[in-house]
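Undergrad: Provided herewith is a single structure, encoded as structure tokens, for subsequent inquiry.
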Amino acid sequence: MSELKNMLDFTKEELENLVQPKFRAKQIFEWVYKKYADDFLQMSSLPKDFRVYLQKNFHFSPLKCVKDEKSKDGSIKYLFELLDGKKIEAVLLPMKEELVDENGKIIKHARYTICVSSQVGCKSGCSFCLTAKGGLSRNLSAGEIVGQILWIKKHNKIPYERRVNIVYMGMGEPLDNLKNVSKAVKILADNDALAISPRRQTISTSGLAKQIKELGEMNLGVLLAISLHAVNDELRSELMPINKAYNIASIMEAVRNFPIDQRKRVMFEYLLIDGINDKIEHAKELVKLLNGIKAKVNLILFNPHEGSLYNRPSVENAIKFQDYLSAKGVTCTIRESKGLDISAACGQLKERQSKQ
């Protein structure tokens, strides 16, 4: 393991306490996050002896891309190897294509969402998730989380000023690593770093009610997504063992008390699984659960993987489910499945790579 410190692990305030004079921290941040510098010696605005000091004591990112796969829909999945040899995944999702006029002038820039991992593996044990098979290995540091985004932006030549959305929906349970995830949020939001507003960062959780409360008390301004996937405790405990510790009632109570921008909604992710939770009776129960909550439901059609216990539902059933919710006044969308041809669901690329 390297004894060098990961520069991406530090907030600007922390860096100000390590380097003198303090304004050097701002300069370093601008080189790293705005100019995508990957060598301290390139930082020409810094004194040469200071650059040498940085080179001897810090590194930029422990990430090494060992495999990537590009889907026909433009999604790109990356498998990263960390300094200790552990592997994690991240995905670049193009949300809107670039628009140009007849003269080739850009009218609207392309928009992207980057899905990042927060842990190596996961201990939640969800029966439909491939990552859960291997259990939890360790938490990612803030720098390892930030590094995924920085690497993807740099290697896809996405300019610093181009807006991206961040979703903490990759490998791991983000709220099980709240300290480092919240630190990553702050680093990314810094105007001298990537300036990604917390309102463009969504933290997804399987429903850790205690940590939802802690996240709310931090008042970071992030968006919250709840991986619900079932409308009663019996079924949810079967699909998601974490429900035995935090049942649906406790999750809903935590959500009702969670501070969120009045212009935004709490997202509820609902994975539709054929014959398991995709019936109208489930939709009816979901409407009751969400009563009084400013919510948006994101329906996701199950993405099968090798050895999966479940099947993908029909599009027809998904539309019926959506129509029922919409008719009852619940904002609801069916998430466009991206990367089906590259196994872009969480843990699939890592699993395939390990078998090769």
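Cβ atoms here come from the backbone N, Cα and C positions, even for glycine.
On a predicted model such as this, the values are computed, not experimentally measured, just so you know.
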Undergrad: GLY172, GLU173, SER227, LEU228, HIS229, ASN303 show up in Swiss-Prot as binding S-adenosyl-L-methionine; which entry in SER197, SER204, SER250, SER326 does that record put in the same site?
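TA: The record-listed residue among the candidates is SER204.
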Undergrad: For the recorded positions CYS115, CYS122, CYS129, LEU228, work out the Cβ neighbour count at 10 Å and name the residue with the minimum.
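TA: Ranked by other Cβ atoms within 10 Å, the recorded positions CYS115, CYS122, CYS129, LEU228 bottom out at CYS129.
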Undergrad: Can you tell me which of the recorded positions CYS115, CYS122, CYS126, CYS129 is spatially closest to GLU173 (S-adenosyl-L-methionine binding site)? Compare CA atoms only.
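TA: Nearest listed residue in space: CYS122.
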Undergrad: Name the one residue among GLU89, CYS115, LEU228, HIS229, ASN303 whose Cα is closest in three-dimensional space to that of CYS122 ([4Fe-4S] cluster binding site); these are the recorded positions.
TA: GLU89
Undergrad: Over all shown protein chains, what is the count of other CB atoms within 10 A of the CB belonging to GLU173 (S-adenosyl-L-methionine binding site)?
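TA: Summing over all protein chains shown, GLU173 (S-adenosyl-L-methionine binding site) has 28 other Cβ atoms within 10 Å.
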Undergrad: Quick check: of the recorded positions listed here (GLU89, CYS115, CYS126), which one has the Cα closest to that of SER227 (S-adenosyl-L-methionine binding site)?
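TA: So, of the listed recorded positions, the one sitting closest to SER227 (S-adenosyl-L-methionine binding site) is CYS126.
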